[in-house]
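TrEMBL has this to say about the protein:
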TRANSMEM  26-47  transmembrane segment
TRANSMEM  81-103  transmembrane segment
TRANSMEM  115-135  transmembrane segment
TRANSMEM  141-164  transmembrane segment
TRANSMEM  185-211  transmembrane segment
TRANSMEM  223-241  transmembrane segment
TRANSMEM  253-271  transmembrane segment
TRANSMEM  304-322  transmembrane segment
TRANSMEM  367-389  transmembrane segment
TRANSMEM  409-433  transmembrane segment
Amino acid sequence: SCLCGSAPCLLCGCCPSAKNSTISRLLFTFFLFLGTLVSIIMIIPGVEKELHKLPGFCEGSGSVLGVQTNVDCSSFLGHKAVYRMGFAMAAFFCLFAVLMVCVRSSKDPRAALQNGFWFFKFLVLVGITVGAFYIPDGAFTSVWFYFGVVGSFLFILIQLVLLIDLAHSWSQRWLRNADEGSAKGWYAALCTVTFIFYAASIAAVVLLYVYYTKPEGCTEGKAFISINLILCLIVSVVSILPKIQEAQPHSGLLQASLITLYTIYVTWAALANVPSQRCNPTLLVRNSTGSATAPEPVTAWWDAPSIVGLLIFILCTLFISLRSSDHPQVNKLMLTEESGAGAGAGPGGAEEEGGVRRAYDNEQDGVSYNYTFFHLCLLLAALYIMMTLTNWYRPDESLQVLRSPWTAVWVKICSSWAGLLLYLWTLVAPLLLPDRDFS
């Protein structure tokens, strides 16, 4: 019962009030975090040097990253291990995404696979992981890099949707509290947080100009910073226009400041991948001897933007697993609207919340979230964390050095533009489509 039941007994004992659907999402997320932890351990320099002891992982493979054994593979083992771990997690969640297609309620026999058999799921994940480490090198790394790029771009868009939703919910909640209680205190808090976000954004822009540009050259970096700065100013001005305020009374600078800060972070992450030592002082170059070189001594193979990206990844995946949005439009987009339950649910089957029927526990009248879409989100998250832990680097043409490609720079910059356009759309959509409900 503990290993194969609908929810592990120990976890239920610690969280007796937790809903079954929430526990299932948390346990799948735990599998993702477990794979992430293993990837982090494998890329630590001391552990990476020991990976060559794995049978068949280095000498026995006959080639390393597509090169014969005359290349010392010890410097690429961490990179190779993270790619194998990312492939295993992506394959695991892809398997469940396919198995859970069109599951509408817990009456479907496949729902038992979603909410139970955790011990066997763990064995499946371990088996896929072990098999992934025996994948022949060949073109695997080069091809899987592009899968990682596409998946990471899509997951960044999901992050942006969640961030925009968080910003709108945050502002609405504080303004509602101001109307119901001490208005001065809530408005002061709103102004303080907005000021902190904008001050941090301005300071970050100045630092980007100082460290990632030069008076002569570095044209791309100057263009990226300037364009994103201008776009952030535009969305900030648009958010407080009278017409926008009339259509969306809760729209304001808090949302714009949070989006601006995130956009500057994505710009920083993009500039950290510029493959030019002159324009990117944080660039890491690892050659076939296993050394990592930079202008200053480094203590880890991944940099500060990657660490921030790891934290954002953790928060977003927990957000996906634990709650649904306050906005019906976002729930519809993310396929997490918990209002599909009909009348007549038994005890524990549905609850009344604000007049909305919500399906929980056995989900006999309707699932609380789209199973397939949830697994696809975790699949994209696995690809994103794979690219983050490897700094979006890949071997160069000679396969002797891991370098940062321009592909990573453009993917991140385009994702920042997509996020700004998406936020701008949330502002102007009520004006352009007055017949639709954007409450």
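Using the three backbone atoms N, Cα and C, a Cβ is placed for every residue, glycine included.
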- Task: Can you tell me which of 141-164, 223-241, 409-433 gets the most C-beta pairs within less than 8 Å of the transmembrane segment (81-103)?
- Result: 141-164
- Message: Six or more residues beyond either end and a Cβ under 8 Å away: which residues meet both conditions relative to the transmembrane segment (185-211)?
- Response: 171, 174-175, 177-178, 221-222, 225, 229, 232, 252-254, 257-258, 260-261, 264-265, 267-268, 271, 281-282
- Long-range CB partners for the transmembrane segment (26-47) (under 8 A, at least six residues beyond its ends), listed in sequence order, are 8, 11, 77-79, 81-82, 85-86, 88-89, 92-93, 96, 118, 121-122, 125, 129, 300-302, 310, 313-314, 317-318, 320-322, 374-375, 378, 381-382, 385-386, 389-390
- The recorded stretch from 141-164, 223-241, 409-433 sharing the largest number of CB pairs under 8 A with the transmembrane segment (367-389) is 141-164
- Note on the structure: Sequence-distant contacts of the transmembrane segment (141-164), meaning Cβ under 8 Å and at least 6 residues beyond its ends, amount to 65-66, 79-80, 83, 86-87, 90, 255, 258-259, 262, 266, 312, 316, 319-320, 330, 333-334, 377, 379-384, 386-388, 392, 394-395, 407-408, 411-412, 414-415, 418-419, 422-423, 426
